[in-house]
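Read the structure below first, then the notes.
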Amino acid sequence: MEKKRNTVSSGQQMLEKSTKGATFLMMGQLITKMTTFVLNSLLVRFLSPRIFGITAFLEFILGTALFFSREAVRMSTLRIKDSNEDEKGRSRSTVLQTAVNFAHIPIWIGFPLSIILTTWQYRNINSYFVTLPYFTWSMFLIWSSIIIELLSEPFFIANQFMLNYGTRSQFESISVTFGSVVNFLVIMGFEKWSKGSNIEVAEPTKEGIAILAFALGKVSHSLVLLACYYYNYRRWFAPQRLFSIRLVKIYPPYEKKGYYFQEEISQHFRKVYSQLCFKHLLAEGDKLIINSLCTVEEQGIYSLLSNYGSLLTRLLFAPIEESLRLFLARLLSSGDSKNLKLSMQVLKNLTKFYLYLSLMIIIFGPTNSSFLLQFLVGSKWSTTSVLDTIRVYCFYLPFLALNGIFEAFFQSIATGDQILMHSYFMMTFLGVFLLTSWALIKYLELSIEGLIISNVINMSLRMIYCGLFIQKVSKGLRAGSSSFALRNFKSVLLLGIAIWILDWGMIGLVKNFRQFFINLLLAVVMLTVILLKEKDSVMKVLGGRFSRAKRV
């Protein structure tokens, strides 16, 4: 009986820690994005869509190399079972060392992969960019930033396993901000120098400097991140000798045979890796398509949309999704059914929150987004279709958000065979995505709007697959009595439709601040109704947090 009580308590503690962790990640994202948002808003007036296109392409290379190198390890190590201290006090240290040993795999994968990827892309990129000044150096710096960032994986894995959200949020905020400042200072310093010296600088030189500044920002980010993690290790972990950053052979208690990598986690890693390959191709498939079927200027427009259009996604949805994944993987590693029921309740509450937020985005996003965006982009973007396209992008955000938490739940609870089956379906979804993208962009000539529609179709298929899996798990738990109630949402949906008809009939697309403030007032009215409808749920969450705070 005591053991069960401890398990539930542990689950509640993990939930509380993950809730705080999501807050840490959101605050870190908010501070970071506010800084980068201001700096990028200043830079966007100096940079052409073509430069945004090539920097987005370099970001894609960097992100792809890092993802394929480390993501499967990050997910697999969360399934390592934690244990209480044994009489020799070695269990906690053994578990941590097991996780840290796996953190060497990203470095082994990333070194050859990054060389192959950067070399291949360098040889196949548009010849115009290859001839730009400093472009070769920029590619080398991008490769260097990949390797340097992978060197921080052992420290990241240890902090992730211990759910040290605050440490991670702090270090990522510092490093991203530092990288953005370096990027900004290089470009602005060059602009100031060229104007002060009265030298006419050719456009290719300006573009080469802009790309070099981006690469310098990325390598600065990686260096600062590694320095922060290493300092943290020397200060907190090294004195306690909880783990070594070297690869260490592990000898479990009462066993003579040792290992470097736990077999169960190694098998899970292999199955997860193939699934994540297809997931990444789907997640980054829009960039692959746009690099193949769209002009460099259109790539720049899509990059701008991704930066500004998905600001809410990165500030709110991404931290929640990641915290949910970490929470579920650590909570469900014990296999306790009560923990599984707790995870289902958390998922249902998050889904309800996302549905309300998605409704607000769909009603007010398309009518207000182009009005707000015009203040952020300069004259160089006035002739592009970005102000029209962002209205379509708003409809994509709810699908992106809901799919995120559904897949986070699936990846945390699914067995290796279920993940493998999911990989086969992901192959099918990838085929559908490529086919619809080609048809909409090339045949129907819908350009970026066609790509966004293809993404909506792709996300819908993935949501349906994970949704059916979640429904099956819920039925297995006999959770019918606590099934997701849509009664309140239906009444809010009817109100939302009425507000949308009124708003569109009276105002339509927002063109001035008076119309914008009317929309803001309507949004406040709708938010108030949502809070009144869900007051019991809100008070339950707030009451639980206040009672825990009093106990502390």
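Cβ coordinates are placed from backbone N, Cα and C, and glycine is handled just like the others.
Annotation comment: TrEMBL describes 21-39 (among others) as transmembrane segment.
Using a Cβ-Cβ cut-off under 8 Å and counting only residues 6 or more beyond its ends in the same chain, the transmembrane segment (51-69) has close neighbours at 44, 106-107, 109-110, 113-114, 117-118, 121, 125, 129, 138-139, 142, 145-146, 149-150, 207, 210-211, 214-215, 218, 276-277, 280, 284, 287, 291, 296-304, 306. Among the features that TrEMBL reports, transmembrane segment is placed at 51-69 (among others).
Per TrEMBL, transmembrane segment is recorded for 99-122 (among others). Nonlocal intrachain contacts for the transmembrane segment (99-122), taken as residues 6+ away from its ends with a CB within less than 8 angstroms of a stretch CB, comprise 57, 61, 64-66, 68-70, 73, 76-77, 80, 130, 136, 139, 142-143, 146-147, 150-151, 153-154, 156-158, 161, 243-245, 247-248, 250, 260-261, 265, 269.
The transmembrane segment annotation in TrEMBL covers 134-152 (among others). The list of residues near the transmembrane segment (134-152) in space but at least 6 beyond its ends in sequence, with Cβ under 8 angstroms from a Cβ of it, reads 58, 61-62, 65-66, 69-70, 106-107, 110-111, 114-115, 118, 122, 208-209, 211-212, 214-216, 218-219, 221-223, 225-226, 229-230.
As annotated by TrEMBL, transmembrane segment applies to 173-190 (among others).
As annotated by TrEMBL, transmembrane segment applies to 210-231 (among others).
Residues or ranges marked as transmembrane segment by TrEMBL: 353-378 (among others). Counting only same-chain residues 6+ beyond the ends of the transmembrane segment (353-378), those with a CB under 8 A from a CB of the stretch are 41, 44-46, 304, 308-309, 312, 316-317, 386-388, 390-395, 397-398, 401-402, 405, 489, 492-493, 496, 499-500, 503-504, 507-512, 515-516, 519, 522-523, 526-527, 530, 534.
As annotated by TrEMBL, transmembrane segment applies to 390-410 (among others). Long-range neighbours of the transmembrane segment (390-410) within the same chain, counting only residues 6 or more positions beyond its ends whose Cβ lies under 8 Å from a Cβ of the stretch, are 279, 305, 308-310, 312-313, 317-318, 320-322, 324-325, 328, 343, 347, 350-351, 354-355, 357-358, 361-362, 365-367, 369-370, 373, 422, 449, 452-453, 455-456, 459-460, 462-463, 466-467, 469-470, 509.
The transmembrane segment feature in TrEMBL is assigned to 422-444 (among others). Remote same-chain partners of the transmembrane segment (422-444), defined as residues 6 or more beyond its termini with a Cβ less than 8 Å from a stretch Cβ, comprise 271, 274-275, 277-279, 281-282, 285-286, 289, 293-294, 410, 414, 450-451, 453-455, 457-458, 461-462, 465.
Marked as transmembrane segment by TrEMBL: 450-470 (among others). Residues of the same chain lying 6 or more positions beyond the ends of the transmembrane segment (450-470) and with a Cβ under 8 Å from any Cβ of it are 282, 285-286, 289-290, 294, 302, 347, 389, 392-393, 395-396, 399-400, 402-403, 406-407, 409-410, 414, 418, 422, 425-426, 429, 432-433, 436-437, 439-441, 444.
Summarising the annotation, TrEMBL assigns transmembrane segment to 491-510 (among others).
As annotated by TrEMBL, transmembrane segment applies to 516-532 (among others).
Cβ atoms under 8 Å from those of the transmembrane segment (173-190) belong to residues 28, 31-32, 35-36, 39-40, 42-43, 46-47, 206, 209-210, 212-214, 216-218, 220-222, 224-225, 228 of the same chain, restricted to positions at least 6 beyond its ends.
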